[in-house]
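Peer 1: I'd like to ask you about the structure that follows.
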Amino acid sequence: MEDFKVKLVELVSITGGLIVLFIAYTGFRTVYNASFNRLRHIPGPWINSVSMIPYARHMLAGTTVENSVRLHEKYGDVVRISPNEVSFISGETAFPDIYGFRTGKLKGHLNMEKDPVWYVKPSNGSPSLLQANDEDHARGRRVLSHAFSERAVAAQEPLVQTYVDQLINGLKGATAEKEGEGVVDMVSWYNWTTFDIIADLMFGEPFGCLQDLSTHKYVAVLLESFKSLRILYVLAHFPWLKYFGNLFLDQRQVQKRKDHLSWVSTQVQKRRDRETTRPDFMTLILANNGNKGSKLTDEEINSNAFLLLNAGSETTATLLSAVTFLLLKNPRVMEKLKQEIREKFASYEEIQLPTLNTMTYLHAVLLEALRYFPPAPVGFGRVVNRGGEFISGHFLPEGCIVSVSQYAAYHSSRNFKDPDAFVPERWHVPREKEYADDKRSAAQPFSYGPRGCLGRNLAHAELRIILAKMVWSFDLELEERSQDWLSRCKVMRLWVKPELAVKLKKVIR
């Protein structure tokens, strides 16, 4: 009994000692981060300078962008958002300084590496363009870029049009029983369309979402996996939580994501076995793999197929949902767009890319939607190089994380007049006088520099075709339950969106 008491006293003493050490360490880190840290000259809330907890809390709640907007409104162009992370909204200078090509004043500087917290290698161990180092990224981009050139997109248009026609016909079918009127969830319909398009371009066959009018199981896995990214981020910044990882991460979801990559690899092999020359991604990737010394391994092709499937679908669908909502909340803009589209095309069959590419108001509407509701709304962190770097006139020491907070930059009056108004006219060439001082280069929704989005041409093509055919075919009205749709969207690195209930009425000609 005495031995037990002695051991109990020892255990209590050790536990108490550990608690005291933890409190002392926490106190030391708090004083250091607030008073002596190398980022102490960067403005921001005191609590953000000493702890990751506030930032992690917003990450878990899905309120990062709202918080970023508030911080920049209060503290200015540059804000310390965590003990080792700094956010910028001075996009005109910060984008080139952080993400740009190393030319001109930056000649001789290395590209800043990505914040490794956000870029975890696929389960097969082979990095895609997203995680690759500079050398491997350049090698992979030389191979993959052929699938996204303007010439390639022009050849892919008939395939894209096939699925857009399925979308329009499906919506007509969904409203047929009510004399051409009905209410649908456009978030689901846009997701089905963009995922079917990207799957056919990648694998030679769609997911079948538009055919089945349901979300394929691996599309559902992808959409759910966005929510787990925030948890991985928090676990990375609080290492002691990794011992409780199973309590925070749904291991079934982790396994499903591994199964998804395995399924993608199988689909890639099936597509390669067909040996067809249709103008899809795989034809162009395989035709150029090995040219000029740039060659991807089979596993790298699989990893990049997984990336393209994800990046080339959900973000496009997000923008389509957003622009639909914004048009319906801004009747003046909708009427002007409707007039341009319906006067330009006498028939549905005439709606083709060569003509769509000349339509200035359609283009301005999409640019304004990308500014107002960027599909990737957060900052993509980069690690400052050895010796430190000047970013937008501020010196940042090596090892700290820097980024441009996209949503906050695009909704700042420092960059745009009436930033919370949906005004496509700000993108007109020549500029509208009222918006002549807008810093349009502060908006880079497809990112910037050597790591800029590879699929920009395809995204613009899909957006133009889908939006034009929707506006030509239907009159749209926002249902009461979706009047606050945008405010109910949350950011889990990408947007997590609720139902967008829209009443459609087929246009009779």
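Residue numbering: from 1, along the chain as shown.
Note that Cβ sites are derived from N, Cα and C of the backbone, with glycine treated the same way.
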Peer 1: Name the residue range among 8-28, 365-385 that Swiss-Prot annotates as transmembrane segment.
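Peer 2: Checking Swiss-Prot against the ranges 8-28, 365-385, the transmembrane segment one is 8-28.
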Peer 1: Tell me the coarse DSSP state (helix, strand, coil) of CYS453 (heme binding site).
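Peer 2: Reduced to three states, the DSSP call for CYS453 (heme binding site) is coil.
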Peer 1: Including all protein chains shown, what's the count of other C-beta atoms within 10 A of the C-beta of CYS453 (heme binding site)?
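Peer 2: I count 19 other Cβ atoms within 10 Å of it.
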